[in-house]
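Participant: Could you have a look at this structure, given as structure tokens, before my questions?
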Amino acid sequence: MASTTAIDVDDTIVAIASSPAAAHRGAVRMSGSDVLTIAGRLGIHPENQRGASRVETSIDLGSPLGVIPVRALVWPTGRSYTGQPAVEVHTFGSLPILQAVVRRATESGARAARPGEFTLRAFLAGRLDLTQAEAVLGVIDADHRGALDHALRQLAGNLSRPLEFLRGQLLDLLADVEAGLDFVDEDIEFISEPELLQRLGAILSAVSASREQLAGRGGGKSETVIALRGLPNAGKSRLINVLAGREAAIVADQAGTTRDVVRVSTQIAGHDVVLVDTAGIEGDADDGLSGGDDLSGGDVLRELSQQAQRQADRAGRDADVRLWCVDHSRDDWHQTFAAMQQLAADRRASVRDIWIATKCDLAGDAPGADWIATSAVTGRGISDLVETLGNLLSARDSAESTSVLGTAARCQGSLIAAESAIAAAIEHAELGEGQEYVASELRIASASLGEVTGAVYTDDILDRVFSRFCIGK
């Protein structure tokens, strides 16, 4: 879009607000100080000039379209999405008809809106902060449930509120430090050095945590990866098929059927996940991981087996959740479990492990309260597993960054700048280099956090955000 300095926010703008694809209904949006006058020229005359209203009327689009019925939603005051008088015209979802309505509006005095200009006006009017404005785009662009949930949480303010709170704490500290500078010749201490360092350290930790969350979101990973590990023929592939609700992985009684890593995208308890079926763990009798039949005979097959093991190990390390499947019908399952526990200990701190006793239709109950007893054949324990995964995924979602990808990319630099400034303020305070240096760094840090939410912005920042929007939003 053009630079925000070149945009007159008092102009009345118009654009198609609905999808360009054919639909039963479509909408044209107008906003600006003259919107009621322009709407009147189209034949829209609300009786209520002080509150929101709905008007059933018609618009003459000229030849060959003629007169069409419309429903107009009118906000005559500033209580609209944009914070301005606004009108939405709802009619047939035909693109030529909607384009004709826009043309009639521009002939009546409106200006064609630029990409993102409606949401820009909402931001400038204080209806949204900058992260919420980006969340609007996130909702529009969401292509699966996880992305939509991220965007909706950000739209609700779950990202901006904590950062605004931290910015408020920085400004409070800045006020105390600057007050001390104003009374430097008097024996008045507004904040002690230990308290200053303690509060700065807490803020730095919180800002760092926010940046790390955004960094994870910025990588584009929005689906939780769940890897199934276990010996060959432990029932991993059959369990994946049950969880996915379809025949996604090959199932056979012969051990070692799975060689390549198989990835299956599905939903569990409303959460987007990728189930990863891995080759069975191979070992020998000494380490407790002998899976039964030896499929590695011959140099070629041995190399294929080793490659499969490396891929399986990598998939397990990269997963967010690991389901360790132990065939409970085997007499040596205790030995298998002990050996697999050692493998499970090699993991990232954020990885969650769940122990699954499989083939319980052929054996007794689960070996302990920490296990989930399942049978992919009878369905036993599957609902318990889904519930456990659902609770775990919900907890992960609430702890993860609530940002859309565009916000994550934009905000990294600002949060890094805030971190650096706070760290510098701590260093100045510890070295006793003067409160004026601390105050200077606090100003930089608060301004950097303000750039994230839009409390502090430049035309360049706004251009970067709103140029990604489509026309009509």
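We number each residue from 1, going along the chain as drawn.
Even glycines carry a Cβ here, placed using N, Cα and C.
Below are the features I grabbed from TrEMBL:
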| type | residues | note |
| --- | --- | --- |
| BINDING | ARG29, GLU88, ARG127, LYS473 | (6S)-5-formyl-5,6,7,8-tetrahydrofolate binding site |
| BINDING | 233-238, 252-258, 277-280 | GTP binding site |
| BINDING | SER237, THR258 | Mg(2+) binding site |
| DOMAIN | 12-127 | domain 'GTP-binding protein TrmE N-terminal' |
| DOMAIN | 130-470 | domain 'MnmE helical' |
| DOMAIN | 226-343 | domain 'G' |
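Distances, neighbours, how buried they are, the whole picture for these features please.
Facilitator: If you draw a 10 Å sphere around the CB of LYS236 (GTP binding site), it holds 32 other CB atoms from the protein chains shown.
DSSP classifies SER237 (Mg(2+) binding site) as helix under the three-state reduction.
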Participant: Which residue among the binding-site residues ARG29, ARG127 has the fewest other Cβ atoms within 10 Å of its Cβ, if you could check?
Facilitator: ARG127
Participant: How many neighbouring Cβ atoms, not counting its own, are there within 10 Å of the Cβ of SER237 (Mg(2+) binding site)?
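Facilitator: Its Cβ has 24 other Cβ atoms within 10 Å.
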Participant: Could you give the number of helix, strand and coil residues in the domain 'GTP-binding protein TrmE N-terminal' (12-127) as assigned by DSSP?
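Facilitator: Computed counts for the domain 'GTP-binding protein TrmE N-terminal' (12-127) are 29 helix, 40 strand, 47 coil.
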Participant: 10 Å Cβ neighbour count around ALA279 (GTP binding site)?
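Facilitator: There are 25 of them.
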Participant: If I take the alpha carbons of ARG29 ((6S)-5-formyl-5,6,7,8-tetrahydrofolate binding site) and ASN233 (GTP binding site), what is the distance between them in whole Å?
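Facilitator: For ARG29 ((6S)-5-formyl-5,6,7,8-tetrahydrofolate binding site) versus ASN233 (GTP binding site), the Cα atoms are 60 Å apart.
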Participant: If one measures from the C-alpha of SER237 (Mg(2+) binding site) to the C-alpha of ALA279 (GTP binding site), what distance in angstrom results, rounded to a whole number?
Facilitator: 10
Participant: Could you please provide the mean pLDDT value for the domain 'G' (226-343)?
Facilitator: 72
Participant: Between C-alpha atoms, which of these binding-site residues comes nearest to ARG127 ((6S)-5-formyl-5,6,7,8-tetrahydrofolate binding site): ASN233, LYS236, ALA279?
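Facilitator: That would be LYS236, nearest by Cα distance.
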